[in-house]
């Protein structure tokens, strides 16, 4: 037994109510969970020992007789009937076998050392026993068995020597210590197998057998240490019947699938009878007759309970032992007889016989006729809910079929009598009122092959890790909250009066104040853990805690619930057993009831799901507030010393009642682990802290003979049996099917990419990873999965066992356009998209693929017969690598370009792939992160070469050698294209020093290759929509969307929704194009928004148009307002170069100035308000259409809205005596109480545009706002070139900006029709016919408006290039289509070697990049 194992047992009391097989649960059976704290597991093997024991001569009982005798203990009685000593023995026999065979197996039970038991007593009398016998003719049998001795106090067995018959040996001598409760034991030996069946009751404790004489040994394995981490106890008995006898029958009687604990108890009836009372029935007609199966050696099934008396009943114990030696019913019987404290007589026969039991005690079936069975694995369930939950995991496709028309209740149950394969194998069954047919445990549709079911009698075992058993998470109502639009609420800090834009920033700001106090010395923070907020006595203890608990490396001795580390795994397991419950989730989000066993998951959940809401989360006790002042006061009170820490988790509370309520409500099992759902009671569950094999406890030669050592080793080696999803019969069928596949020739495994020389060895069985949802039949793929994903080490030690990928093979999903060459990537895609049924195998890189019609390639399956005649060359090594789990993403382009270009060779130097594929080191990422291709690793991978080059046919000649290289862009080019999509083509050209036409050409090439090369939808559809919504919201707030921020957000969403995914530039470019996220799209109103964003937009349009109609609002009272923030980099402005980059419209800090634009639905442009951070005394030339406000400290969002309402809006509404409507976004502080009060005072109805919808339904975003920003950019760049060497400060720049704003506002003000049509395009106003225009019509209008305004502002030349970049042209100019490879061939082919040597590699690199 390993010190790192924790044995659990799936018992009836621990199951959910719908999982219980029996509908009636007696109160006396229910146990306290804490009653398993002091138990141990003992594994015992019957071995020959050098001590003889005389075996009593058994009397023969002949004739047809059925007897039932009940004798209860006549000693001192205890009020608790469950503590009385009661032994129930039931034996049934048939006409062909004896009730007692020669050399039977007696069971000797003692409680105190009787005086007469110095040597084995042969003829005592049994008092507390009930015997049910059904004997027929007595015949002799050569089968011998072993006696079993169970004692409670030092039972002295002397002169224990083998008898003359070598087959009759001592079986077991167990010693139960005084004062300990005894768990009922069920012993079921079967030929050549092991059987373990503890029943429901109190735990059992066995101690080491104390020898009477020095040197004598007992076959009981001693405990090697005093620390035990195993519960509850199990007892394993092995039979010593020769294999020649056990093989006489093909099917071994077994009751492993029928739990004894679920049978109705009859113990109360037996124990309640007066002492000595007997009930005899001698009607020979009730004796059934059974066929004669071959004789097997079995042991009687005995339930022993601890009596309430000790020394004075030693005579009774002696009588008990003597009677056990004389009662004939203790001999052999043709089938195992089960007797326990809560079950009646049961008899199980093999599939080839039918059984009838006659008894005066009620007899129950092993399973009733109402059971439901799984149609795939034949697992049996009593209630439909349990079967449905099992089928959702076992056979989900059948569940879908059931939902379409067939009910689960119509599932056929197990037949009571299976159809026989031959008439000789089934005996006639006489139906009587007292007989109950016992159906076969599995339908005997096919006789199993020899030795295939050798291990079927082994009891069900399940091996689980601590993470699976104790930890879990529950989604709560988080999914329901995602449909509601998020509205950011600003909070003002009471310490520094700073206003934070949303709740998460306010929470971080409060933590920052505490850190400042600690740095200033106001609060002692040298002994406070900044992760779990615990107080330590010394800094050294804090340092040890940080290294052991909060390090990034996984540890098998760290409790993730309470975040404590332990010295060893046994101590850790003991802590888990004593402190925590299975499925305990004490950390709860009070907003949506999301809960988890890990604090970090709840914290990440709140920051992601409840961002931009009014909720504030206390990091100390997870209490949620809606008021900023209350949150601040509560937060600061946690900094005091008098807080109440929970000793079962990391939370701390301000009041004792909160702590008590927390412990009562949350420190209990919230939901049982999914692996335990549907398990039968009695299943042995082994809990392990680590993933390694359990260590074998050595047994010295002085404690046990050599035979015992071998048996103990055999038992230990069979302990960690894997969990199979199919029953043994079905596994054997699968193995036979795999063996038949070997005749198909040599094949290649799609999972590990290796050839399959031997199918049975390569696909040994279907295994399921206990740590995740990974399942496979490939042994190499399973080993690689465990090495890469579940081996806790600080640095990668082993390379992956995968090859690069199968050459020429590609997998295409039959339900969508997803295609990949990595089998695991396709498996993950199918898992995350359950509606996608299957995938097809396609050849990749073949010349005829480009001539197939759309959809034709997905229907054609690759023929492996082509392998001998057509072999594609090996592929380029994978560009595999991904983001680190801590959130490290590729750096900014300017930081990466230098070292990457220096470290990477040129494209021409990597035209020939290496002969041996390189294997990338596995990173500490989720499984999907290390799979696939085309991901950037700037430290190892080649960025200049194409990511994947499609292989060309070997016989294709050299004419088309350059075609495949043009299919996909290199990583360098993809980075440039991604930059252009995040910003614009002009900025990308300036940043990477590439012509804009070349960037647009790369973009067109990438768009053209999308139809044939859809290699990477790495995120699910739901995750991509969430990421697209984030991009739209970032753009609305003028926050940066670049390579770094995009990859960081994608990683965060991928980890939270899917457990991780891989990142590549190709995926990023496709994502931006797939969701139309280019910043300067001219038909944005026709693009599809994410699902719930589009729903919010529809609700907004419906609300606005209904209010306009109901309130009869005039067009002059419908206003749209939006802000434009300008960011100034003063350092760049004062420098001599790059001055054009000083003024930006995207940034994260405080804006240099804010421009508030406002337009009316009748085409009027209201005065524009400009807020400048600084002094504006010298500015006298301010245009009439602009109002300037200046202050050194700047203006807050509330102040901006207040000044705009006072200086602009109230002046406009003063002469209008009508209600009005204000269209604005939900960002900044537009929804604060102050702003809403201002609007209410002016009778203005706020129409708030939902987050992410501004590009489609905000009138200013449709045309005007983007044009104003482009015009300012153009003017400043022209001015920066003119004053490159001249000095320029912010005051001069402000004067220029005011002039440019006046110019652009004048143009807009002269085009009232353009302004009015902006409201129509945004669907704020209905169309001329009263209905909303179609998206296509609105897109045409938007494109026309943008073109008209740009033409007036002379922006059409530059923006036409932008437009050409977003839409591919049908035919490009010859200058743009010329490639460096073609020029290289041209000059080298037509020039003399002496006169021209071709281009240098560096020149080619510059031409391409």
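Using the three backbone atoms N, Cα and C, a Cβ is placed for every residue, glycine included.
Per Swiss-Prot, the features are:
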type     : residues  : note
COMPBIAS : 239-266   : compositional bias 'Low complexity'
COMPBIAS : 275-284   : compositional bias 'Polar residues'
COMPBIAS : 345-356   : compositional bias 'Polar residues'
COMPBIAS : 410-439   : compositional bias 'Low complexity'
CROSSLNK : 319       : SUMO2 cross-link
CROSSLNK : 356       : SUMO2 cross-link
CROSSLNK : 419       : SUMO2 cross-link
CROSSLNK : 446       : SUMO2 cross-link
CROSSLNK : 486       : SUMO2 cross-link
CROSSLNK : 626       : SUMO2 cross-link
CROSSLNK : 674       : SUMO2 cross-link
CROSSLNK : 797       : SUMO2 cross-link
CROSSLNK : 879       : SUMO2 cross-link
DOMAIN   : 1011-1081 : domain 'HTH CENPB-type'
REGION   : 238-293   : region 'Disordered'
REGION   : 331-356   : region 'Disordered'
REGION   : 406-455   : region 'Disordered'
REGION   : 806-846   : region 'Required for interaction with CBX5'
REGION   : 904-966   : region 'Disordered'
REGION   : 1356-1399 : region 'Disordered'
DSSP-derived class (H/G/I helix, E/B strand, else coil) of residue 674 (SUMO2 cross-link): helix
Local Cβ density at residue 674 (SUMO2 cross-link) - other Cβ atoms counted within 10 Å: 12
Whole-number mean of pLDDT values that fall within the domain 'HTH CENPB-type' (1011-1081): 81
Structural state census, the domain 'HTH CENPB-type' (1011-1081) (DSSP three-state): 42 helix, 0 strand, 29 coil
Number of helical, extended and coil residues in the region 'Required for interaction with CBX5' (806-846), per DSSP: 10 helix, 12 strand, 19 coil
Assigned conformation of residue 486 (SUMO2 cross-link) - DSSP reduced to three states: coil
